[in-house]
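Enquirer: Would you mind keeping the following structure in view while I ask a few things?
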Amino acid sequence: MYLLIVILPLIGSFAAGFFGRFLGSRGVAVVTTTCVSLSSIFSCIAFYEVALCASACYIKIAPWIFSELFDAAWGFLFDSLTVILLLVVTIVSSLVHIYSISYMSEDPHSPRFFCYLSIFTFFMLMLVTGDNFIQLFLGWEGVGLASYLLINFWFTRIQANKAAIKAMLINRVGDFGLALGIMGCFTIFQTVDFSTIFACASAFSEPHHYFLFCNMGFHAITVICILVFIGAVGKSAQIGLHTWLPDAMEGPTPVSALIHAATMVTAGVFMIARCSPLFEYSPNALIVITFVGAMTSFFAATTGILQNDLKRVIAYSTCSQLGYMIFACGISNYSVSVFHLMNHACFKALLFLSAGSVIHAMSDEQDMRKMGGLASLLPFTYAMMLIGSLSLIGFPFLTGFYSKDVILELAYTKYTISGNFAFWLGSVSVFFTSYYSFRLLFLTFLAPTNSFKRDLSRCHDAPILMAIPLILLAFGSIFVGYLAKDMMIGLGTNFWANSLFILPKNEILAESEFATPTIIKLIPILFSTLGSFVAYSVNFVVNPLIFALKTSTFGNRLYCFFNKRWFFDKVFNDFLARSFLRFGYEVSFKALDKGAIEILGPYGISYTIRKMAQQISKIQSGFVYHYAFVMLLGLTIFISVIGLWDFISFWVDNRLYFIYIVSFLFINI
């Protein structure tokens, strides 16, 4: 049964890819949805056996790579962390498959779409169940490939081509860091198996275990953790390598829901949680993680407030929430981070699928400024979007409230510079999150309509196959946090005993529960309320004042700064990409490939031999005394060298003769 959880999506993808022509669009949808749904049912059974009954399971299939000291096998590890991710991935993927049956019904290439969705799910399951870094890396690269295929599903659109290539290239940076981290792990531990590495982590955390670089020693565990974290930065869209995430909206909306809620972006958070025994012995790496996560949450929240594309606003909210998960790991509370990941999957999938219903009803229009007044036309979709938005901002007693507020309280009770930095940036991000969430609701559903009459006349609410996943996700967005809080992050729980590791000095969960002042606990709620009030005022009360501010010099520059995403794309394109392209052409291609390599290679050798042949041909004059003179000269030089060899060797290094000969050969070039 455990292996079927992983294999079933692969079978569905195989059937859709190779037999889609015979099964037809509806047959492919039924087969793939059935396979993923069965996988989700088995995941629920595995959750009961592994997590609730505390019975971790390890399955070793067969050896994979065996070479001298390097050994990697096909193995599957099912512990509490794994089964939580299995639940999230398979359930959300099942709902996305059901939703896509109706959403993609008019697309002629829907069999290919379902094939990609299923293979995406398979690679994510391979990633979370792997028992070694090599198998994890296989799933890691697989979800990158599947995301490229899904973002570029409508491959005739140039923007989809650009977005897919951008996602692939930016993730290559993070993947390179992860690959170096895996190599570092093997260098230190002589294995890539999680169980062996984590068991030996404390022994190798001493300062005398280091990597030597540029004659400087660097703590080995810290270097490995930083490199692994670079991989997470790329995959989980942290600041610096985040620019691919908003552009990934060029794919179909169900793809966005799957990428942002269950797969791809959650892989980085999962990997940090999986490697918690390593990160716990590297305080410096944890500080870096905390700062990067806090800055990401703040950056993405401020960027989302002035985006006009419906899906991009939700995409930046994903980026911001990932920042919360990352800095929760940075303050050594991996359980709360994974809990927030699970809660986030519910309301983020709900938001994206609700946005898909709006786009579907509005004839593929995504600009919120061209919507408005849809609450009366799409009451069901409006209710679903409202539930998702309230859960996102942490409205009391909804799912998001039980994890986001705990993360902020933990950051406050860390009592360190990094903890305070994360708390205040996270709290300010709550204000901006509330602002752009209510701005989205106002512009899309409550503001006076700006739509074309023909679009409004054809506007319709979600059909039944699209409504069922929305209803189930709405229940999850309301109740999951309340139902799972005590089990996953309650005081004294041993839910994570077989998967996560926290040093005793980093345990602050009990302190955050009882030592946090009441005013600190109320700050997120106050900021959420303030953000919603400001959003209402800006869009309904002081609209003329905002227009005057926006058209002023300062206001226009501020608007451009946030609307253009802090100019990250401009910096990357104008300074980094252009510089690398210029270097590649001027130096690598012209100076090296067509320059030095050609001179020292085929062109230079042929040119030199041709010139030498021309010079030697002049010696062949046809006169015997010329030949006799050359023979005498050569014999004299030969005898002189033999006789004076000891004297010459004393003054000239023999190894320089090769350089002299080569220089003589190329002296005429």
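Placement of Cβ uses the backbone N, Cα and C atoms for every residue, glycine included.
So Swiss-Prot has the following annotated:
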TRANSMEM  3-23  transmembrane segment
TRANSMEM  50-70  transmembrane segment
TRANSMEM  81-100  transmembrane segment
TRANSMEM  119-139  transmembrane segment
TRANSMEM  178-198  transmembrane segment
TRANSMEM  253-273  transmembrane segment
TRANSMEM  286-306  transmembrane segment
TRANSMEM  322-342  transmembrane segment
TRANSMEM  377-397  transmembrane segment
TRANSMEM  423-443  transmembrane segment
TRANSMEM  464-484  transmembrane segment
TRANSMEM  522-542  transmembrane segment
Enquirer: Please give the sequence-distant neighbours of the transmembrane segment (522-542): residues at least 6 beyond its ends with Cβ less than 8 Å from one of its Cβ atoms.
Expert: 393-396, 404-405, 408, 427-428, 430-439, 442-443, 447
Enquirer: Tell me, please, if the transmembrane segment (119-139) and the transmembrane segment (253-273) are in contact, taking contact as 3+ Cβ pairs under 8 Å between residues separated by 6 or more positions?
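Expert: They are in contact.
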Enquirer: Among 81-100, 253-273, 322-342, 377-397, 464-484, which stretch has the highest count of C-beta pairs below 8 Å with the transmembrane segment (50-70)?
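Expert: Result: 81-100.
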Enquirer: At an 8 Å Cβ cut-off, counting only pairs 6 or more apart in sequence, do the transmembrane segment (322-342) and the transmembrane segment (253-273) clear the bar of 3 or more pairs?
Expert: yes
Enquirer: Which residues of the same chain, at least 6 past either end of the transmembrane segment (286-306), have a Cβ under 8 Å from a Cβ in it?
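Expert: Residues 226, 229, 233, 237-240, 242, 272, 279-280, 312-313, 316-332, 418-419, 421-422, 425-426, 428-429, 431-433, 435-436, 439, 559, 562-563, 565-566.
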Enquirer: What residues elsewhere in the chain lie close to the transmembrane segment (3-23), defined as a C-beta under 8 angstroms and at least 6 residues from its ends?
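Expert: For the transmembrane segment (3-23), the nonlocal Cβ contacts are 31-36, 38-39, 42-43, 46, 59, 61, 76, 86, 90, 93, 111-112, 114-116, 118-119, 121-122, 125-126, 129.
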